[in-house]
Amino acid sequence: MQPTDSKTSTSDTTEQPNETQTITIPPSKKKSKPSSKTRRRLKDAEPLPFAIDGLSHDGRGVAVYGNGFVEADGHITDKHGKKIFVSFALPGESALVKITNSRTSFEEGDAVNITANPNPERVVPPCPHFGVCGGCNLQHWQPEAQINFKQSVLAEMLVHQANVAPDHWLEPVVGDRLGYRTKARLGVRYVAKKETALVGFRERSSNFLAELNECHILDPRIGFEIENLKTLISTLESRNKIAQLELAMGEYLPELPDGDQPVALIVRNLEPLSDADIDKLKVFFAARNWQLYLQPKGADSIQRIALTAADDLSEQFGRLYYQLPEYDLTFEFIPTDFTQVNLSVNRQMTKLACDLLDLKAGERVLDLFSGLGNFSLPLARLVGETGSVVGVEGSEAMTIRAADNARRNGINNTEFYSQDLTHDCTDKPWANQGFDALLIDPPRSGAWEIMQYLPKFNAERIVYVSCNPATLARDTKALLEQGYRLTHAGVMDMFCHTGHVESIARFEKVSA
């Protein structure tokens, strides 16, 4: 794999650390705890010195116990060759490591001090909560290094599972490195002893909520309102009964109705709220022009709360929007819909996918896992009125939303169908008309079931968008066996500062 240079976002600033860096990490509250005897031993144990030799696929440092390794108490360990996965450590560094979890085949730990050879790509994390909060795990590493590492993960998995490398590596797709996340679920818990509410992500490897005042990964419309949300919830009579906030944000479009605010929060309340509590929420949300929803039970119980007398509650949800200006498209969605969390990367991703398919006017395209039309509609623009796009999606609600978005954007060369794609659907009328190109954007589990019947579509070109490089590599092997060649592959930094790898690959049918 050739090294690549990624673009630098103006929203990201990094500071170089000192020659040594102390990282203060609170005791880890593990979900699956070792025995009480082991817990006491780990808690009392002194940090141990290790040389960091490499990185795991999730971005943790990897070290190995050497022969005759001497622990701090002078005892010579018998763990020769045992691996330790070390959070916050980078290759080449010497670190003092606090062991937090010990298992038969490996151990886990935190780097509490970099004692020598700090990696030149190490930076000071921009967020004050980094190391405690589990929302991200790579802020100590330059973003450019992160994305190159993610490409190396993809390359390794393609070789390991499919014994292949692409003909061409794509330039990594990068966008905003901070303030990019427009969808999330934040936990809520009121702590009576501190007389305050906690709002945010869970601590690393724990069910406990991290004590946050702000979040640098969330869109700043919410990320810098966390302290205000904590204060608000602390004043409610039902502060002990608020369990979660589900947030969704769209883009602000001046031409849209005033009632369609670009920020929506669903408050998961475990018991009905009093009128006084609802009034407090309404005042807070109205001041920020946010949509307010309450959810006392399942998804069907979500109820929008009117903030003014003019609010139209004839439908369960207000609308949110995002755009793909390259294709003159505006998408409408509701807060519970699946959408990509990074709008700037999504714009680049859709264009890249369309470019890779190299469509011509009049061609037929199949879009599997089409959602609300994020790829289908740009593809429809490219094939023109003489071409067509068929979108297939498991969710009937999303299928309806996609058709609505097509109609709203004046697109009439698309068809959308709701179908369980884990079963062979090639006997359906829409499936047997032949396709020139195919786009697939499956969930993390990949598209193994589809690989079994995909040859029946007889597509010349395939673009596969993946949120899990392991399943992409597995499915790549199946495509190679079916007569396709991997022409292009690359990664997209949809979740910067995390170990999450979003990738894209193009396949071309080999001529007989």
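Including glycine, each Cβ sits where the backbone N, Cα and C put it.
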- [ ] Determine which of Asp328, Asp355, Asp436, Asp441 appears in Swiss-Prot for the same S-adenosyl-L-methionine site as Gln340, Phe369, Asn374, Glu393, Asp420.
- [x] Asp441
Task: Least surrounded among the binding-site residues, given as Glu393, Asp420, when other CB atoms within 10 Å are counted - done: Asp420
- [ ] From the recorded positions Phe369, Glu393, Asp441, Cys467, pick the residue whose C-alpha lies nearest to the C-alpha of Cys136 ([4Fe-4S] cluster binding site).
- [x] Cys467
TODO: Report, as a single number, how many Cβ atoms besides its own are within 10 Å of the Cβ of Cys133 ([4Fe-4S] cluster binding site).
DONE: 22
Task: Between Glu393 (S-adenosyl-L-methionine binding site) and Cys467 (active site, nucleophile), the C-alpha gap once rounded to whole angstrom - done: 17
Task: the domain 'TRAM' (41-113) [mean pLDDT, rounded to integer] - done: 85
